[in-house]
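Single-structure report; data block below.
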Amino acid sequence: MTGETYSLPMVALRGLTILPEEVRHFDVSREKSLQAIEEAVKNGQKLFVSAQKDLEIEEPGAEDVYLVGCVVTIRQVVKLPKKMSRVLVSGEVRASLVRMDSETPYLQATVVELPDDEVVSGEREEDDPMNREAMIRGLQDVFKEYLLKNPKLSKELGMQVESIHDLKYLTDVIAANMPFSFEDAQELLEETNVMRRYELLVYKIVNEIQAQKVKEEIQSKVKERVDKNQREYILREELKVIREELGDDNTMSDADEFQQAADALKASKEVKEKLNKEIKRFRNSMNSPAETGVIRTYIETMLEMPWDKTCKEHKDIAFARQVLDEDHYGLEKVKERVLEYLAVRALTKKGEAPIICLVGPPGTGKTSIAKSLSRALKKPYVRISLGGVRDEAEIRGHRKTYVGAMPGRIANGMKQAGVKNPLMLLDEIDKVSNDYKGDTFSALLEVLDGEQNNKFVDHYLEVPMDLSEVLFITTANSLQTIPRPLLDRMEVIEVTSYTENEKLHIAQEHLIPKQIEKHGLKADQLTISKNAIWKMARNYTKEAGVRQLERKIGDICRKSAMEILEKKKKSIHVTERNMEHYLGKELYSYQMANEEDEVGIVRGLAWTSVGGDTLQIEVNMMPGEGEILLTGQLGDVMKESARTGISYIRSVSKEHDITDDFFKKHDIHIHIPEGAVPKDGPSAGITMATAIMSAVTGRKVRADLAMTGEITLRGRVLPIGGLKEKLLAAKNAGMKTVLVPAKNERDVEEISTEITKGLEIKFVTHMNEVLKEALV
Ligand code: ADP
């Protein structure tokens, strides 16, 4: 199907294709074009326009233009300066150049209209009205999406497009209004098939949208990057200003100060080199406040360490003795041992003398001895509590790479002391334990080992520190949990529990005056009678040392101070009778001897962390199948003692007229009541065996008799420890006779008569003797 053919003036367009339905203006300057327009205006305003293939050609002929162009109507011609005109045209219909009629004085061409190719067979999908509607909507939606991203295109256009229901017209309108390149427009112009033109258009618009999205993404990324740099720059500038405002603009001079201090520091070359390096890093880190902070802390710590600073060593043993005597009552042996140690230390080279370990129950003056020793030697005193330390890093420090890293306790202690030869008390060394985070003990070993500790390296400080001149003193409640290698480094000095008489003296001579002063009282304002002190020690406290006693005295002082102020009392006298007023009800009463002899109940003696205690062992026999039941506060060692006791008794059952199948037909139940303080240890062996024998034979046990001793399978009695505390407990409980292993005889001789007086101590070597004494 071909359209009308006619001859029209023609203009070749450069970089522009005009589509039907397009309204558009373009500028014309070429003489030929100007004349063609003039001619067209004269003859019905129609003009044929076609795009030039090569933009550079000045005088294009038929072969230099696209054959397919557009017939347009000229709407307006505006003359511009320099012989130029601006022409407003509207595209009418596609047309193809048939031939060039003339090329001068302007182009005149014969063209043939290209009608739209719309197949109306009804067989194709697009011809279905439903499909057409869907296609129209699809194109409208795509165009709307495009409009959203391109608000420059008018809103009216959107509305106009909404109202079009003809697919061909819609395609043309949208194509005419899209800002396509002239190549794209040319493609659309040449496509006479409406369906294909539709597809081409949708494809081009979607492409356009996609390209725009990519462009936006890139733009926003670029913007983000620019913003971030900008932000950092601004923040840094602000920081600078804030620093200036605060008068804190001295990061530079801090570094100089550090350098000065480092130069003046008395320390090894290694330390100084490390410091210089860090100061350099500090200078270079000024733009990163987090890093600056970390380095600053490190440098400050390093500068505070007593690398080569020492205090004078006082070696006056007589003065030391005087100080120790002044501060402590009793403890003769301990003081003597400490003074001996000082004498040896004064004579030997540093690092050779072993380390003192004061072992004993809490409150017996271990810390206090260390403190007065520091006074005696005029050395700075630092106490490092090791109780509960499980992590090696607590001793040796965290590596600097950790967030919030710190030096370990030893390095910290040295910093506190301020000299490299202080007295350092490592308190409760027996309470240290290992966990998965490394070996706490080996770290301690390194600290205490005279061969290694001149080069102790804290993980945080990273440079070796000399600990060889430190006077280490350690304390422990018991030696059991201290590993052997560590124990070997130490000279153990035992501090034992106090008797009531000693407690009385300590209270009168030390604790009471100390507490009175501490509470701002005067000596004549508060007096505490001797009996009151005794009562306090016996019924208000239960301990080997005097810590609780001191606290109770403190309580009395506080209450007295209040009464003196409030009730205007002149002075207060605390006696046994008005004690309750100051301390409330009695807290403890000793488990006294049973009134009567009984079957299956025996009084044993135990050593616990708070001193000695008596423990009553009960055994019951019941018909059964030979089971052994153990209940109460029994540790593993006690359980083994119980089994050993039973085996021994079974082995001697004939001698005691026990029938062969007795143990098969009876269950044995062993119980230890009253277990506030856990007790363990082998020393209840003979006690349990006696109780079992009593239960089995039905013979009663003496109520006023207590015993202690380990038992072997053959019934031999082995020696035990903690005799002093145990005898003390027996005496307090009102016992008359105590059975003690014969091997402990020498220990008894050392115990003061204050304790042994009134107690009948019988030495035993074998269970036979025990049973003879105990069973009635
Ligand atoms: P530990 O370190 O053995 O647990 P402390 O040294 O802390 O015990 O002693 C507790 C309190 O008892 C301290 O105030 C201490 O001065 C005092 N103290 C202990 N024993 C005596 C003593 N023999 N003479 C004077 N005061 C003592």
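In case you wondered, yes, glycine gets a Cβ from its N, Cα and C as well.
TrEMBL lists coiled coil for one of the ranges 258-285, 426-453, 734-761, namely 258-285. Ligand 1 lies under 6 Å from the Cβ of the following binding-site residues, listed in sequence order from P361, P362, K366: P362, K366. Using a 10 Å radius centred on the Cβ of S683 (active site) and all shown protein chains, the other Cβ atoms total 29. Of all the binding-site residues listed here (T364, T367), it is T367 whose C-beta has the fewest other C-beta atoms within 10 angstroms. Apart from G360, P361, P362, G363, T364, G365, K366, T367, the ATP site neighbourhood in this chain, defined by C-beta within 8 angstroms of the site C-beta centre, holds L358, S368, T475, V495, A544, G545, R547. When Cβ atoms from all protein chains are considered, those within 10 Å of P362 (ATP binding site) total 19, not counting its own.
A gap of 22 Å separates the Cα atoms of P362 (ATP binding site) and S683 (active site).
According to its DSSP assignment, T364 (ATP binding site) is coil. Confidence over the coiled coil (258-285), given as mean pLDDT on the 0 to 100 scale, stands at 88. Around K366 (ATP binding site), a 10 Å sphere centred on its CB holds 28 further CB atoms from the protein chains shown.
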